[in-house]
Structures are given as structure tokens and as C-alpha cells.
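K.L.:
The structure follows.
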Amino acid sequence: MNRAKTILDIQKMKATGEKITVLTSYDYPFTRIMDECGIDMILVGDSVGVVFAGHDNTLPVTVDDMLYHTRAVTRARPKALVVTDMPFLSYQTDLRDARINAGRLVKEGGAEAVKLEGGAHVTDTIRAIVDMDIPVMAHIGLTPQSIHRMGGYKVQGKKDEQAQRLLEDALAVQEAGAFAVVLEGIPLKLAGRITAELSIPTIGIGAGPHCDGQVLVIHDILGLCEKYSPKFVKRYGDARTLISDAVASYISEVKKGEFPTEGHSFS
């Protein structure tokens, strides 16, 4: 596909059974690489607060932070659909704030859709944003912005009543107009059931193989993070060692006077 993907392309992939690939990106270089590889969707995640800025969770991330990183991503003009997270307190206070902040992420940041966390209780917010012609991706299950209420990063929906509530949440966000929904940290059978019940795509992270697509954090799959890696993460490379070796070699050559050489100098 030579043109940029739209939400209609993403939804069509569910209908045809083609798996949807999603990765987070926070900057221009990574976005260029991902797009060249043919990624379907890029999520400018509020996970930037953890893997990029060093916070313990996503709560400190602001709208201005998301705007900065969204601009960096969209400057790469990717063919992938660009979705940006709405950070904590950017949509929970009232509908007016939600509309304004979603509008800024699209108008100023260049995002093509926004993502927000929550189920049935955020359906009014989803409708309000969709009514502005801004596509919304929902996010249910383990919602990182609710870390304190959930008591940490714990799998959700293990009990029957919790599973039923998550199914109802999924149906509610679909009814409210979400074009897709992220299922995070839920049992694989529940994710499969939700995926079968919905007409919109499900994007899993720690939700097993039965979702319509998968999303992971780019720093996790590259092995860049020192911190604990969740069970659902698969490392596809060891970029941290590669970078460490390069930096160590640079330091060594400068200390020994081996760099720069005449070949790296001007006459």
C-alpha cells in the first residue's frame, strides 16, 4: 500500500483476518525505521514517561509531553496510522477538557487518532471526541493510568464477574464509537471471547494470540530497558549491548588518541 493507512484500513484487516501490527514510537528515527519495515500502526504512548523519561509510571506525562513526541513521530510522515495516547488528567476532568486536548493532539501534533483508557464509564468522553470527527481507540483491562486503584500492574478479568464486566466494557466502547480497542493484561480466553464478540479490531498486549493485532513497546522488544520485563514481552534484539559496546569503543579510542584520525579531520 503506497498511501497512508486509515482507520478503515485497520478495520478491514479484522474483516479479512490479517493480523494488525502496532509498536510504540516517540521520535523521528525509530518511526522511519518502523515505517520502512511496514508497521501498520504507530502508537505514541504515554509509556514515554517510563521508558524515555525515567518515571516509575505514566501518571506524570502531560499533554505538552505528548505533543512534543507526536510531532517528532509525524514529521517522519509515516504510512502507518499514528495514534496518540491521551495522558492522565487530559480527559478525566470534563468533556470540554477532553475535546480540547484531543483536538490539540490532532491539530498541533498531527495524530490521526487518540487513545484513552477506560470502559463504560468513559463512553460519554469517547462520543464527545468522535463527534468532533476524531477517531478514538479505547483501552480496557489493565489500564496503567489506574495503577493506584488496581494496586499495581496486575492481570485483570480472572474472576467471572470481572470477565463479564470487561466484556461489557468492550461492547460499550464499541457502541460509543471507538474504532478499535486495546486489551491489556487479561486472560487469553477472555481476549478471544471479546475479539469474537466485537466488530471492531482488538489490539492485545499481554492478552494472548487471539486478538486481531498486537502492540508492544519498542524499547522492550529491543532490550533497551534495564528494568523488569513483563512476561508478555518478547525481545527481538539486544540493542542495549550494541549501544553499550559502541559507546565503550568511542570512549576508549578518544582516551587513547585513536579518534579522530586525519580521515575524520579537515585540512
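Backbone N, Cα and C define each Cβ position, glycine as well.
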K.L.:
Swiss-Prot records Asp46, Ser47, Asp85 as 3-methyl-2-oxobutanoate-binding residues. Which of Lys12, Lys14, Lys19, Lys115 is assigned to the same site?
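P.N.:
Of the residues offered, the record points to Lys115.
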K.L.:
If you take the centroid of the Cβ atoms of Asp46, Ser47, Asp85, Lys115, the listed 3-methyl-2-oxobutanoate site, which other residues of that chain have their Cβ within 8 Å of it?
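P.N.:
Here the non-site neighbours turn out to be Thr24, Leu43, Val44, Gly45, Val48, Thr58, Val61, Met66, Thr84, Met86, Pro87.
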K.L.:
List the residues of the same chain that sit at least 6 positions away from Ser47 (3-methyl-2-oxobutanoate binding site) in sequence and have their Cβ under 8 Å from its Cβ, in sequence order, or write 'none'.
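P.N.:
Non-local contacts for Ser47 (3-methyl-2-oxobutanoate binding site): Thr24, Thr58, Asp85, Pro144, Val217.
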K.L.:
With an 8 Å cut-off on Cβ-Cβ distance and a minimum sequence separation of at least 6, pull the same-chain contacts of Lys115 (3-methyl-2-oxobutanoate binding site), or say none.
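P.N.:
Sequence-distant Cβ neighbours: Leu43, Val83, Thr84, Asp85, Met86, Val136, Met137, Ala138, His139, Val182.
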K.L.:
Between the Cα atoms of Asp46 (3-methyl-2-oxobutanoate binding site) and Glu184 (active site, proton acceptor), what distance do you get, rounded to the nearest Å?
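P.N.:
So the Cα of Glu184 (active site, proton acceptor) lies 14 Å away from that of Asp46 (3-methyl-2-oxobutanoate binding site).
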K.L.:
How many whole Å apart are the CA atoms of Glu117 (Mg(2+) binding site) and Glu184 (active site, proton acceptor)?
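P.N.:
Glu117 (Mg(2+) binding site) and Glu184 (active site, proton acceptor) have their Cα atoms 10 Å apart.
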